[in-house]
Amino acid sequence: MRIDIITVVPGILEGPFSHSILKRAEDKGLAKVRVHNLRDYGIGKQQSVDDYAFGGGAGMVMMIEPIASCIAGLKKERSYDEVIYMTPDGESFDQSMANALSLKENLIILCGHYKGVDERIREHFVTREISIGDYVLSGGELAAAVVTDAVIRLIPGVLNDETSALTDSFQDGLLAPPVYTRPADYQGWKVPEVLLSGHAANIEAWRFEQSVRRTQERRPALLAKRYKGDNTKNG
Ligand code: 6GU
């Protein structure tokens, strides 16, 4: 999978992909993330990427031309499954969307900034708009990093047994159960007996029960969704 991220602040995205699991995905050749500085496609002596909003009002709007020429350059090299626009008014990102995106070959992610992009970009280039939650970030970059992380770790071969995505919270529509490691007794704080029993079926049953209880207590809406079978909206 290849992800091309378009941004006016590439510096924000320098860190996240050069560490840990995402670094290993790159090293194994399973994922390639490339960050493009929109300023390189800017207009005129100032290499402008934004301008005042027609109709007035505070805040700048990202112009069509730099984005169009950046996307055109990318599309000349390969074809893309999706052009994603990161915006607080997009569709809420969740695990089922991450699963769906992890099956794609090439993605462009456009990060919004200022008051956002000229609406015609959204009409004519963008195929999917994503928000990572109901709060406002200064720009789409951190949201793009969140989506990229959630998607890349699902690509087969990126995770090993120890980090397997199969036991993640949300992967089966439930929150993950509690986990413990040594010591089995820390100053009287004991690990649940069943986990020390070596009885695989009992352990699995205990974990499932804990997952259901935790989901019921913390995220009851998830349970309702699971029993409606409503976890395929992006499938
Ligand atoms: Cl995708 N962008 C911005 N600027 N804020 C957000 C967001 C995206 N998702 C949640 N808040």
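Using N, Cα and C of the backbone, Cβ positions are placed for all residues, glycine too.
Annotated S-adenosyl-L-methionine binding site per TrEMBL: Gly112, Ile132, Gly133, Asp134, Tyr135, Val136, Leu137, in sequence order. Feature annotation from TrEMBL assigns domain 'tRNA methyltransferase TRMD/TRM10-type' to 1-224.
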Chain-mates of Gly112, Ile132, Gly133, Asp134, Tyr135, Val136, Leu137 with C-beta within 8 Å of site centroid, S-adenosyl-L-methionine: Pro88, Ser131, Ala143
Entry from the binding-site residues list Gly112, Gly133 having the most other CB atoms no farther than 10 A: Gly112
Position of peak Cβ density within 10 Å, selected from the binding-site residues Ile132, Leu137: Ile132
Reported mean pLDDT - the domain 'tRNA methyltransferase TRMD/TRM10-type' (1-224): 94
Cβ neighbour count (within 10 Å, all chains shown) around Val136 (S-adenosyl-L-methionine binding site): 8
Site extent for S-adenosyl-L-methionine (largest Cα pair distance over Gly112, Ile132, Gly133, Asp134, Tyr135, Val136, Leu137, Å): 16
